[in-house]
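Taken verbatim from TrEMBL:
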- 45: heme binding site (BINDING)
- 27-67: disulfide bond (DISULFID)
- 31-62: disulfide bond (DISULFID)
- 41-48: disulfide bond (DISULFID)
- 50-83: disulfide bond (DISULFID)
- 1-110: domain 'CFEM' (DOMAIN)
- 1-20: signal peptide (SIGNAL)
- 93-111: transmembrane segment (TRANSMEM)
- 161-187: transmembrane segment (TRANSMEM)
- 199-221: transmembrane segment (TRANSMEM)
- 241-267: transmembrane segment (TRANSMEM)
- 279-300: transmembrane segment (TRANSMEM)
- 320-343: transmembrane segment (TRANSMEM)
């Protein structure tokens with residue numbers, strides 16, 4: 001954030017001179033005196049002063065060059081009160097949205113663990129990781145002036161607000177990386193082909209390194225570090241790299257990693273022996289993470305409005321809102337595969353599984369459909385398709401995958417891969 005010396009003072013229609021001299025900073029009073037000498041407004045005509053655009057422009061230029069940042073903010077605040085300027089405040093919107101998404105993410109985490117209990121599944125790394133993400137995401141403070149014009153915010157609260165932005169920067173980058181890692185750990189529980197698992201492990205490492213690197217860069221944006229939240233008043237000495245560049249680089253890298261995380265499981269699902277309609281259904285289940293990518297893009301757009309903001313407590317509110325939505329939507333999407341277990345327990349009809357008479361799942365070749373049977377092995381289920389082999393074995397907890405694909409025994413002691421719209425009950 002740049003210094004506030006260039007802050008727009010478009011509402012700088014000052015109070016009657018008698019009041020101004022006792023309330024306004026001396027620099028602003030001198031500017032008003034000078035401007036009134038060439039104005040048709042009298043010093044006591046408040047309505048005229050408030051409505052005279054030319055007078056306001058002259059006083060604004062004078063105040064920016066003659067007053068320090070705190071004096072500028074004080075002048076704008078007193079002027080806006082005197083001329084009954086509307087008071088803008090998005091703090092309640094920000095707070096209410098935070099409550100809504102906090103509730104949704106809380107319910108998602110609860111349903112995730114309820115589903116584990118219902119299925120008798122062990123709690124794994126991705127489950128504990130989601131709890132960590134939830135606890136950190138929903139304990140970020142939302143006050144200190146966010147959603148208000150900066151001249152309405154007490155000076156100490158401006159400092160606290162910028163300290164808040166500095167704190168959530170590294171946290172945001174780590175949280176976004178951890179959400180992607182949670183998705184990747186989920187894929188590790190499902191897909192057991194060794195080459196693909198190595199790719200997943202490598203991509204988890206990429207996300208860890210990226211998250212740490214962006215968090216460290218964000219942490220050390222300014223030297224000294226405290227200059228980040230003290231520089232607004234132009235009374236401190238320090239140096240900062242471009243916060244805008246860091247934000248855009250982080251958002252761009254995050255979107256690319258989101259897309260790769262989304263594509264990875266689809267490359268495996270597309271090779272499963274399923275009919276087109278059923279395959280599309282499975283792909284849609286794995287595509288819920290696309291919502292996170294969409295929100296990330298919307299957040300990136302909001303960053304354009306705050307690139308050189310002189311009113312950060314007001315201009316940053318949209319970016320803060322999208323950041324909260326992005327993190328909580330990530331939590332919700334990561335927990336969505338567990339929702340079906342609950343729904344099927346409540347509405348058993350949703351769990352109806354196609355039987356072996358389904359023309360797409362017979363043991364014979366029908367309408368050009370491939371026969372996909374295999375013998376069981378200790379390592380998993382291996383079946384041939386054309387000239388290549390594809391290997392899938394049950395992971396230590398493959399119940400999540402059973403939400404869209406069920407592997408069931410047939411009389412010949414072989415396995416038939418059957419698409420089901422349910423979990424293995």
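Using the three backbone atoms N, Cα and C, a Cβ is placed for every residue, glycine included.
Note that the structure is a prediction, hence the values are computed from the model and not measured.
Broken down with DSSP, the domain 'CFEM' (1-110) shows 75 helix, 1 strand, 34 coil. Within 10 Å of the Cα of residue 27 (disulfide bond), the following recorded positions from the list 41, 45, 48, 50, 62, 83 place their own Cα: 62. When the C-alpha distances from residue 45 (heme binding site) to the disulfide-bonded residues 31, 62, 67, 83 are tabulated, the minimum falls on 83. Nearest neighbour of residue 67 (disulfide bond) by Cα distance, taken over the disulfide-bonded residues 31, 41, 48, 50, 83: 31.
Most Cβ pairs under 8 A with the transmembrane segment (93-111) among the ranges 161-187, 199-221, 241-267, 320-343 are made by 320-343.
Cβ neighbour counts within 10 Å, taken over all protein chains shown, single out 31 as the most crowded of the disulfide-bonded residues 27, 31, 48, 50, 83. The stretch with the most CB contacts under 8 Å to the transmembrane segment (320-343), chosen from 161-187, 199-221, 241-267, is 161-187. Note on the transmembrane segment (199-221): residues 166, 169-174, 176-178, 180-181, 184-185, 187-188, 191, 228, 240-241, 243, 246, 249-250, 253, 257, 260-261, 264 of its chain, located 6 or more positions outside it, place their CB under 8 angstroms from a CB of the stretch. Using a 10 Å Cβ-Cβ cutoff, residue 67 (disulfide bond) registers 22 neighbours. When the C-alpha distances from residue 50 (disulfide bond) to the disulfide-bonded residues 31, 41, 62 are tabulated, the minimum falls on 41. Residue environment of residue 41 (disulfide bond) contains 18 other Cβ atoms, counted within 10 Å of its Cβ in all protein chains.
The two recorded residues, residue 31 (disulfide bond) and residue 48 (disulfide bond), have Cα atoms 17 Å apart. In the structure shown, the C-beta of 62 has more C-beta neighbours within 10 angstroms than that of any other entry among the recorded positions 45, 62.
Residue 62 (disulfide bond) sits 18 Å from residue 41 (disulfide bond), taking the C-alpha atoms as the reference points.
Residue 83 (disulfide bond) and residue 48 (disulfide bond) have their C-alpha atoms 10 Å apart, to the nearest angstrom.
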